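If you check TrEMBL, you get these features:
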type: BINDING; residues: R169, G199, D220, S267; note: S-adenosyl-L-methionine binding site
type: BINDING; residues: E268, E271, H272; note: Mg(2+) binding site
Amino acid sequence: MFKRTCNTFMIKIIIEVGSRWRDWVSEPFCWGSSERGTGKEVGPFATMWGGWKLNFFGGRFLRVLGSGCRGIQAERLRLISWAENQPTWTLQIKPWIFNEYKTMWFKSCRMTFSCLNRIKNCRSPWKRLYSTSQSTVDSSEVKTFRALAHKWWDEQGVYAPLHSMNDLRVPFIRDNLLKTVANHQLGKPLSGMKILDVGCGGGLLAEPLGRLGASVVGIDPVDENIKTAQHHKSFDPVLDKRIEYRVCSLEEIVEEKAETFDAVIASEVIEHVNDLETFIQCCCQVLKPGGSLFITTINKTQLSYALGIVFSEQVAGIVPKGTHIWEKFVSPEMLESILESNGLSVQTVAGMLYNPFSGYWHWNKNTSLNYAAHAVRSMVQEHTVPAANAATSPGVHEELKK
């Protein structure tokens, strides 16, 4: 008896739904609009979508969809209105329309997704490849750091994490460089070594390396940063002799300093450059054969976005808003691929973790946030041969090996 009642009830529901669907599909879609600021929907279909608003790109999607219907039932489509010169659009659908123009929806779909396929093949500006630019310097980044140039040596300010990072990165650089030398002076273990500090900022890393005996050249495209660095080093006569600061980009000194440095350092820099591949190429060119490249940066993960941007910039205010752009972050795998393609052999990749409550960094096996990398330039730089030449000259590779 219970089953029979349920079956009867379900049959009634199916018949009711079927009748409503028959009414629904009797006419095609139409468009409506909402009045800005009043929340009042114009047209009879607002109840179907509860007044849900579409953003600009959603509106463009609907316009493409509507364009497929124009030849079939143009008089049933009304262009979405603009209120106060701003688009606020609401999709409105008559539930009793659609039957006589069944093919309209399918034609619209085909046109819409054909259009979307063409759009998909176009690279969005925020997803552009950074290797397309001729310069590694991003002008927007220069503006950001110019505004903070006077805060470099405030150990409790916005650069406090970089001051604290010296506890990890200075020993990391020192210990790996000492593996390449047989003897070193006590108190000046890096004596005789030439180091290029790219994106030196106010000299937070250049100065401790200079105290270890190294001859350091610090470069930065922000002139205010260099002024701050020169002013601070002037208080120590020893550092004044060992450290040289220059306002320039890396690519500007490649020819002048080719194969000059025992080490190149790009600490917290590559996530700010425009053209990563060109940047790495330039680093390799100014390195001596067997020289070391040291990089610290931020991994490109969901966790780095949540903690490195949302928390650090927008919630806790550890770093100023807009300091980082997540799309420029680089994963260790991608960085290693670029390094090896430029004749650099990756020796070490180690995770770094910052504790905002204690203000200290420590090493970590997990590289999902910050990490440090050490790579060494090969002693003999290999020369690549174009594929066409290689095909016509089978003995070219053998000659290069000799």
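Here the Cβ of each residue, glycine as well, is placed from N, Cα and C on the backbone.
Just so you know, TrEMBL annotations never went through curation; they're auto-generated.
Because the structure is a prediction, the values reported are computed rather than measured.
Take the mean position of the Cβ atoms of E268, E271, H272, the recorded Mg(2+) site; other residues of that chain with a Cβ within 8 Å of it are G199, V269, I270, V273, T297, I298, H324, K328. Cα of H272 (Mg(2+) binding site) to Cα of G199 (S-adenosyl-L-methionine binding site): a span of 10 Å. Listed in sequence order, the residues of the same chain lying 6 or more apart from S267 (S-adenosyl-L-methionine binding site) and placing their CB within less than 8 Å of its CB are M165, R169, D197, G199, L205, F294, I295, T296. Across the structure, D220 (S-adenosyl-L-methionine binding site) and E268 (Mg(2+) binding site) are spaced 13 Å apart at their Cα atoms. Most Cβ neighbours within 10 Å, among the binding-site residues D220, E271: D220 holds that distinction in the structure as shown. Of all the Cβ atoms in the protein chains shown, 26 others lie within 10 Å of the Cβ of G199 (S-adenosyl-L-methionine binding site). Of the residues the record lists as binding S-adenosyl-L-methionine, namely R169, G199, D220, S267, the two whose Cα atoms sit farthest apart are 19 Å from each other. Taking Cβ-Cβ distances under 8 Å and a sequence gap of 6 or more within the same chain, the neighbours of E268 (Mg(2+) binding site) are L162, M165, G199, T296, T297. Over all protein chains present, the Cβ of R169 (S-adenosyl-L-methionine binding site) has 22 other Cβ atoms lying within 10 Å. Using a 10 Å radius centred on the Cβ of H272 (Mg(2+) binding site) and all shown protein chains, the other Cβ atoms total 21.
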